[in-house]
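Here is what TrEMBL records for this protein:
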- ASN2: N-linked glycosylation site (CARBOHYD)
- ASN15: N-linked glycosylation site (CARBOHYD)
- 35-60: transmembrane segment (TRANSMEM)
- 54-298: domain 'G-protein coupled receptors family 1 profile' (DOMAIN)
- 72-95: transmembrane segment (TRANSMEM)
- 115-133: transmembrane segment (TRANSMEM)
- 153-173: transmembrane segment (TRANSMEM)
- GLU201, GLN271: Zn(2+) binding site (BINDING)
- 203-224: transmembrane segment (TRANSMEM)
- 245-268: transmembrane segment (TRANSMEM)
- 280-300: transmembrane segment (TRANSMEM)
Amino acid sequence: MNGTEGPDFYIPMSNATGVVRSPHEYPQYYLAEPWVFSFLTIYMFFLIIVGFPVNLFTLVVTVLHKNLRTPIYYILVNIAVVDLFVIAVSFPFTMHAAMHGYFVRGQVGCNFEGFFGGHGILTTLWCLVVLAVERCMVSFRPGMDIHSRRRFVIKGVRFIWLMAFSWSLPPLFEWSRYIPEGLQCSCGVDYYTLKPELFNESFINYMFTVHVVVPLTVISVCLGRLLCVVNSDALDKTERDANRVTVVMTLGFFVCWLPYVSAGWHIFSNQGSAFSPLTMTLTAFFAKSAVVHVPLLFIAMDKPLRQCMFITLCQIKNHFADDDGASKSESSSASVAPA
Ligand SMILES: *C/C=C(C)/C=C/C=C(C)/C=C/C1=C(C)CCCC1(C)C
Ligand SMILES: *[C@@H]1O[C@H](CO)[C@@H](O)[C@H](O)[C@H]1NC(C)=O
Ligand SMILES: *[C@@H]1O[C@H](CO)[C@@H](O)[C@H](O)[C@H]1NC(C)=O
């Protein structure tokens with residue numbers, strides 16, 4: 001046996017030595033040295049401290065500036081909102097678990113962590129799918145007016161949330177389940193056991209076809225076509241820039257997530273084989289950094305957003321600079337002129 005299975009966990013270590021304990025009840029310092037857990041704690045703290053302001057500021061600036069009311073920013077707002085949820089609800093559980101070396105909050109904590117983390121990631125994934133399709137439509141049918149583009153994106157947002165829930169809810173209702181992974185301080189869906197009573201196998205197959213193969217195919221086809229027109233004069237500069245932002249942000253997202261997905265698929269298709277607990281922890285924790293660098297890539301690539309951020313920063317600075325006119329500045333902060 002290469003692992004130890006319990007009612008609500010699977011630990012990738014044989015219990016021949018008798019040291020393996022439930023990750024919901026005991027520290028897992030036999031899987032890795034305590035400093036590794038401390039490192040993970042600091043890393044999660046860092047993601048929370050950096051990710052929260054970056055996403056909040058992106059959200060506030062996008063909502064305040066009327067000239068940022070085009071489809072690509074609708075998608076950005078969605079990504080920032082779910083990132084904030086992931087950071088505020090899922091990450092504290094992860095950090096707390098890493099701090100204690102096991103899932104202190106038990107199965108309930110694991111469900112929270114897995115549900116909010118996974119739902120956020122899936123929302124971002126489907127956002128990128130809708131954005132890729134929208135970019136293709138605009139680039140290859142230049143006649144589309146802004147109203148039909150907005151209608152498309154608003155329908156798209158409904159579709160995004162529906163798709164994300166269609167992945168994140170089933171494990172809460174006994175189609176597969178959320179289970180601690182790697183060093184047992186983050187949760188994902190169960191690639192580790194077949195559990196016929198939870199129909200694990202069908203869930204993982206559903207997940208990989210509907211939520212991995214389909215989105216990857218759509219994105220590769222659309223972005224592949226976009227790359228062909230990346231410097232074409234037939235498109236105006238705003239659209240070309242938006243295409244560039246989309247390509248870079250999407251690549252950034254997949255660089256984060258592909259190692260985790262591949263490791264999950266490998267473990268699932270080689271049931272019972274030996275693997276290091278560090279594999280899933282390193283890939284999952286690396287993937288979590290997407291909440292910081294997807295928005296950062298957007299900010300780095302997108303000039304209009306940066307200009308609006310700059311305007312907002314100046315207004316905040318002025319607001320604090322003229323402290324003699326405290327009452328005056330209150331009204332001016334509400335209305336924001338476009339660039
Ligand atoms: C730290 C929390 C984690 C690792 C939460 C789990 C996330 C998943 C199980 C995400 C699964 C994915 C899909 C179902 C499809 C697209 C790729 C993924 C990896 C985002
Ligand atoms: C591992 O073995 C020890 C000693 O036999 C036992 O007390 C413990 O419950 C086992 N762990 C699990 C998770 O079954
Ligand atoms: C344990 O892992 C090895 C290597 O991955 C594999 O060959 C073996 O079949 C596994 N043992 C069990 C009981 O699954």
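Using the three backbone atoms N, Cα and C, a Cβ is placed for every residue, glycine included.
Where the annotation comes from TrEMBL, it is an automatic prediction and has not been curated.
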Candidates near ligand 2 among the recorded positions ASN2, GLU201, GLN271, judged by a Cβ under 6 angstroms: none
Same-chain residues near the transmembrane segment (280-300), Cβ under 8 Å, at least 6 residues beyond its ends: 12, 40, 43-44, 47, 50-51, 54-55, 58, 76, 79-80, 83, 86-87, 91, 94, 117, 120-121, 124, 181-183, 185-186, 188, 245, 248-249, 252-253, 256-257, 259-260, 263-264, 267, 306, 309
Whole-number Å value for how far ASN2 (N-linked glycosylation site) lies from GLN271 (Zn(2+) binding site) (Cα to Cα): 10
Pairwise Cα distance for ASN2 (N-linked glycosylation site)/GLU201 (Zn(2+) binding site) [Å, integer]: 20
Top Cβ-contact partner of the transmembrane segment (72-95) among 115-133, 203-224, 245-268 (pairs under 8 Å): 115-133
Packing count at ASN2 (N-linked glycosylation site) (other Cβ atoms within 10 Å of its Cβ): 11
Cβ under 6 Å from ligand 3: qualifying recorded positions of ASN2, ASN15, GLU201, GLN271: ASN2
Neighbouring C-beta atoms (10 Å sphere around the C-beta of GLU201 (Zn(2+) binding site)): 15
Residues that sit under 8 angstroms from ASN15 (N-linked glycosylation site) by C-beta distance, when 6+ apart in the chain: MET1, THR4
Close approaches to the transmembrane segment (245-268) from elsewhere in its chain (Cβ under 8 angstroms; 6 or more beyond its ends): 72, 121, 124-125, 128, 131-132, 135, 188-189, 191-192, 204, 208, 212, 216, 219, 223, 226-227, 230, 275, 279-280, 282-284, 286-287, 289-290, 293-294, 297-298, 301-302
